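According to TrEMBL:
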type: COMPBIAS; residues: B:35-55; note: compositional bias 'Polar residues'
type: DOMAIN; residues: B:90-162; note: domain 'OB'
type: REGION; residues: B:35-58; note: region 'Disordered'
Amino acid sequence: MDISNPAALVNAELLHFYVGSRVRVVMQVVRSDGVVIGKSTDEKQLVVKGSPPPAPHTTYVEVYGAEIWTNFGDAIDMDSYNKLCQLANGEFKHLFL
Amino acid sequence: MTNTSNSLSFSLSRVSKMFSGSQFDATTAFSGGGFTSSQPSTLNDSSPAPSNSRETPGLVPVTVKQISEASQSGDEKSNFVINGVDLNNVTLVGMMFEKVERNTDVSFVLDDGTGRIKCRRWINEAFDTKEMEAVMNDMYVRVYGHLKSFQGVKQLVAFSVRHVH
């Protein structure tokens, strides 16, 4: 069991708290050529340096530490996810980090 | 992933209603929608336990971090305690890594973002093999299992591992 490297669930706003450590973000892919541009769940723009998987990806993608990309489908509830990020970093932080 | 999102939003609305306001609702909300057939807010209501006279929750959704903080109640019983509640059966959602298939069992590491825990699934019959073949590394899975401590290391003995859509 290893809890030395937790990845925080973030949206764009919370991202700057975790500069330098691992995070996971779900975002809507806007453009991907060399560098992926996405729209985060709180309507802000995110730039991810790294390569998305070669397989065709869906509209929504989760990036885990900028290395692992998971397709999340074409229709997710951004609002719920956004609230989840806020709760996971606020009130319920002790459950996660 | 729409199913997960739907159950997530359902759980979140429960949290915001805050009818109990305790940690256990949060646990339910953050485990990918704890709307299994077992009672999510079990730990606040007195849920009837059919075999014991004690109130033991049936199935508890947890995060790996919570497991790492759980203490054991007594040497013989080897029951884990989280927030003062005995728990045996747990459910987690996380990404699967390091899947190793052997003759008698399949082991893997589950990473739910709060930590990593070693899991083991015993292979007794064809159904077990089939279920484990359907899940692969880098895939989000929901695991139902039993907490065990082995040489001081907490592990999960899984009896169900399924891909989350």
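Just so it is clear, glycine is given a Cβ too, placed from its N, Cα and C backbone atoms.
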The domain 'OB' (B:90-162): DSSP-derived helix, strand, coil residue counts: 8 helix, 47 strand, 18 coil
Local confidence of the prediction over the domain 'OB' (B:90-162), expressed as mean pLDDT: 89
